[in-house]
Structure formats: structure tokens, C-alpha cells
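Student: Can you keep this structure in mind? I'll have questions shortly.
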Amino acid sequence: MVRVGTLPMRLLALEFGADLVYSPEIVDKRIIASERRVNKTTGIIEYIDEKNSINFRTHPSEKCRLIFQIGTSDPELALQAALKVKEDVSGIDVNCGCPKKFSIQGGMGAALLTNPDKLKAILTNLVENCGLPVTCKIRMLETTEETIKLCKMIEATGIKALAIHCRTKNERPSNKGHWEIFKPIVENVKSIPVIANGDIFDRPDMQRVKELSAVSSIMIARGAQSNVSIFCNEGLLPKREIAIMYIKKAINVHNNYANTKYTLMQMYADAVKDNEYHALVRAKSYEDLCEIYNLSELSPISERLMHI
């Protein structure tokens, strides 16, 4: 969700009923080196680097339910990053689940699963010194016993919740998730909520996972990426309706066009034969998006955003 979980998607998720939203994973050094600015036009808070690139954007309306997700391999840098954004978020999450090459090579993400001493030091430093609730997301290890041992070590650091992705570091979305890992973790980690993640695409999936394991909560990524109305109790809305709502939100918060188009393309990943998908492929601006979705009332605004 690195490129999808940006501001407009998070705001929509909250409107549809999500209890919490997470920022994309942001590397500690990157946020530390950013300058915090408030956009006077939108009220949006932006963390901008020396090249004037925006590393993180948030709106005060989401603060009370926003968790900032750090990519880190260093206890002191993790703390500096947390303190940098402390006034704009309500919690800090350490990502120990990302299996991507850039994370692993930097000792971050899933690399921390095999470096428990480093992970313990990072979490302990954050818990003791950042002044915000700290959480952690991991992947399961090769055996249930190893996974439980790691979870109990993490629990002992004093974090407030633990999320488990039900695949190992080397497994990918094409591999079926192992929902059976959740129950033994819940049975052994008793002082904090356990959050289930992986292969949860609709509300029946949520119900089945809870019945199988008694987890406290559900974390959804790809399911929300495909249709963010998954958080709505009344059921999924049509894809076109969601796309229109997303475009309106993106324009309203002055979201970068390239990011908006990318997110829309992910929404249609299971509908590549649709005419709208092919029109999206050809789109080059917000003005094009407004034409595809008959949003003529937004065209004058979209023209001003062509260079965002």
C-alpha cells in the first residue's frame, strides 16, 4: 500500500467506516530530513524534503485515527522519526512485514524478523520515549512455535497491538494465506490485541477469520485497494461510484496526479477488460479523468491541478 495509502484513500476509508488508517511505510531518515509545512490553501500538513518532494501528507481531520508507519532498522533513528511527526498522528507502527528488496537490504521490514534483538531495541526505545502508542506488524515465521516466540518477545516490549500477516517472508500474494496461524497467536499473546491481516477481501472473510481465531481486529490492504467501501456495513458499492468519489477527494486535497492515476489503476486490477480501465491507461491529467467519469463540474478545478 506504499503508493495507494496516501491521503485521499485514507480519508475515504475513514468515511466508509475504518476505525484506523495507516500511512504508507516511510523510511526513518526520509521523514527526519523533511520540513513540516502547513498548506494554507488546504490546511493539509506536508513533510517536504530539500528537493521540494512531498514525503508525507496528512489532514488534521484524520489525526485521531492515523497511525504513522515507519521503515527502520535503527532504534535512535526510529525515535527521531516518531518525534518528528508526533504532533500530527495518534500512533507509531514499526513495519516488520515488508518483503521488498529495498527494505530487506536496508535491514528494515521483514529483515527484522530474523534480528529479534534489533527489533526489541527499536520497539523498546519507541515505547519508552516517543509518547505515543506503538504497534508492530510482522509476518509469520516458518513454524508456529517460532512465530509465537517472536510474538511474545514483541508483546513484552510494551507495544499496544500486534498485527500478523499470514504469510512468510518469502511468500507472495499468489500464495494462499495461512489463516490457521492466527488462533495459536491469540491463545499465547493475551495482554494486547492481535490484528489479523492477509487474504481478507470482504465482510464474510472478516467474519470467518474472527470465528476461526478470535482475533481482536482485522487489517485490510488489497481488499480496500480494490474497493474501499469494504469498510461499509451495507456492502460494496459499484467500482465506478468508488472511482468517482476517489477522484473528487483527490482533487479536493490536491493529490499528485500520478499517484491518483496509479491508485485508480489498482482499483481496476481485476477489471482490465473494462472500457474505463483502457480509458484510464490513456489518461494524462485530472482533466482527462473528469471527462472519463463525466465530472464536468470539476474540470475548471482539475485544470489548475495539471502540474501537481
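Backbone N, Cα and C define each Cβ position, glycine as well.
What TrEMBL shows for this protein is this:
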type     : residues                              : note
ACT_SITE : Cys98                                 : active site, proton donor
BINDING  : Gln69, Lys137, His165, Ala221, Arg222 : FMN binding site
DOMAIN   : 1-266                                 : domain 'DUS-like FMN-binding'
Student: Return only the integer: C-alpha distance in Å from Cys98 (active site, proton donor) to Lys137 (FMN binding site).
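Tutor: Cα-Cα distance, Cys98 (active site, proton donor) to Lys137 (FMN binding site): 9 Å.
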Student: In the structure shown, which of the binding-site residues Lys137, His165, Arg222 has the fewest other Cβ atoms within 10 Å?
Tutor: Arg222
Student: Within 10 Å of each Cβ, count the other Cβ atoms, then let me know which of the recorded positions Cys98, Ala221 comes out lowest.
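Tutor: Counting other Cβ atoms within 10 Å of each of the recorded positions Cys98, Ala221, the minimum falls on Ala221.
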Student: With Cβ-Cβ distance below 8 Å and at least 6 positions apart along the chain, what are the contacts of Gln69 (FMN binding site)? List them in sequence order.
Tutor: Tyr22, Ser23, Pro24, Glu25, Ile26, Asp93, Val94, Asn95
Student: Return the maximum Cα to Cα distance in Å (whole number) over the record's FMN-binding residues: Gln69, Lys137, His165, Ala221, Arg222.
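Tutor: The FMN-binding residues span at most 17 Å between Cα atoms.
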Student: Over the domain 'DUS-like FMN-binding' (1-266), what does the predicted model average in pLDDT?
Tutor: 96
